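Take a look at the structure set out below.
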Amino acid sequence: MMKYTKENFIFLVGGIIIYVVDIGVDLWVASKYFYQGQYTWAILIISFRCLSSLVTQIFSYQWFKNDCEGPDSEKLKWIFLVHFFHCGIFIRYWFALKYGCQAAFKQKSSGDVSETDHPNFIQKQAIDVMTDINMLRIFKTFLETTPQLFVQIYVLMEHNNHNFSQYAAIIMSFCGISFSTVDYQISLRKSLPDKDRFHVLSKLVYLFYKLLTITSWILSISLVTLLSARSSVILLILLWSCGFAWTLKQHTTFCKSKEMEYLYRTVVGIILLFTFFNIKGRKTKVPISVYYATHTLVTVGILLVYWVWKPSVVKEIHFTIVGILTILSLVLGIIFLVVYYRLFHPTVYCKQQTRFDEVDTEARDNVEAGRFQNFIMQ
């Protein structure tokens, strides 16, 4: 298992700051919309925030419940109460700061220390806590941050009235997506022992691949919504159904209960609306090719529909800019994707895919990777 470093601790602190500032920006933007009488956008912003918070609290509490050894009902009652008031993530951040500070700055020598103070134990504690937070942040990113980014971009394109709060929300959304995706990938490399180290160049390539493909797709969906809100909803429901069906076909085994597993599959279906993730730790050449080929065809189809049905709109300068940005970000994103998979992707775990197969219990027992080994990967 790799070490928890000072760089990881800095990323953790940055993530906490962005998380807190993001809450403030959401409330600020929503209040602006309410003040301007744009109640639909205000309700959407708050709804995405509440949905992501609800889902993350449910999963966070269930993980605390699963991790408690022996009867500890009083502790679980307090944990439930904190999560009921949607503050569970702050408990996890407190533990992350505590163990992360010990692992990164206060390491002791392995001699004359208790088992719980042993450097390897502290390192594992820090990485495990960070991993849980980053899994929850992935949920938040694609249940709240990315949909909110779509709303902000759509409002800018539709009403063309720009203000500082909207730009701040868009910047915070991009920062949130950036931190969560990179932190998640770092956790993946650290938590699973058969992953290579995530170097600076590979982090940048992975970040640009994700950001550019997500940006292109959000612009495409925004164009569909401008054309017809009903068509946009139908398209998203259809794509979510395909993603959900794929999770069913993959027989994911992330949760202990059947109900939680279906909630997990539902959330993964939403995540797959915006970006590709390997949900079973297996080879993904065919699925990822189909996924981005579909996105490319849909994007090109949307632009062609505008060109045929809305020629007057096509002639407008803002549509030209959006169209160029959509195609350019898609092309560049796919280029970064190819570079990442050719040069930086830890393909070793694909060769050892039986480690993550539910029938291979012996191999799983030999690797203490926790719940992360059954979570979405990339």
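The backbone N, Cα and C atoms fix where each Cβ goes, and this holds for glycine too.
Just so you know, TrEMBL annotations never went through curation; they're auto-generated.
Remember, predicted model here, so these are calculated numbers, not experimental data.
Copied over from TrEMBL:
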| type | residues | note |
| --- | --- | --- |
| TRANSMEM | 9-29 | transmembrane segment |
| TRANSMEM | 41-64 | transmembrane segment |
| TRANSMEM | 76-95 | transmembrane segment |
| TRANSMEM | 164-186 | transmembrane segment |
| TRANSMEM | 207-227 | transmembrane segment |
| TRANSMEM | 233-250 | transmembrane segment |
| TRANSMEM | 262-279 | transmembrane segment |
| TRANSMEM | 291-309 | transmembrane segment |
| TRANSMEM | 321-343 | transmembrane segment |
Tell me, please, if the transmembrane segment (262-279) and the transmembrane segment (9-29) are in contact, taking contact as 3+ Cβ pairs under 8 Å between residues separated by 6 or more positions?
no
So which of 9-29, 76-95, 164-186, 233-250, 321-343 has the most C-beta pairs under 8 Å when paired with the transmembrane segment (41-64)?
76-95
Cβ contacts under 8 Å made by the transmembrane segment (233-250) with residues that lie 6+ beyond its boundaries:
221, 224, 265-266, 268-273, 279-280, 287, 298
Quick test of the contact rule: Cβ under 8 Å, at least six residues beyond the ends. What residues does that give for the transmembrane segment (321-343)?
157, 202, 205-206, 208-217, 219-220, 222-223, 288, 292, 295-296, 299, 303, 306, 314
For the transmembrane segment (164-186), which partner among 9-29, 76-95, 207-227 gives the most CB pairs under 8 Å?
9-29
Given a Cβ distance threshold of under 8 angstroms, which distant residues of the chain, six or more beyond its ends, lie next to the transmembrane segment (207-227)?
146, 149-150, 153-154, 157-158, 174, 177-178, 181-182, 235-236, 274-275, 292, 295, 298-299, 302-303, 305-306, 309-310, 322, 325-327, 329-330, 332-334, 336-337, 339-340
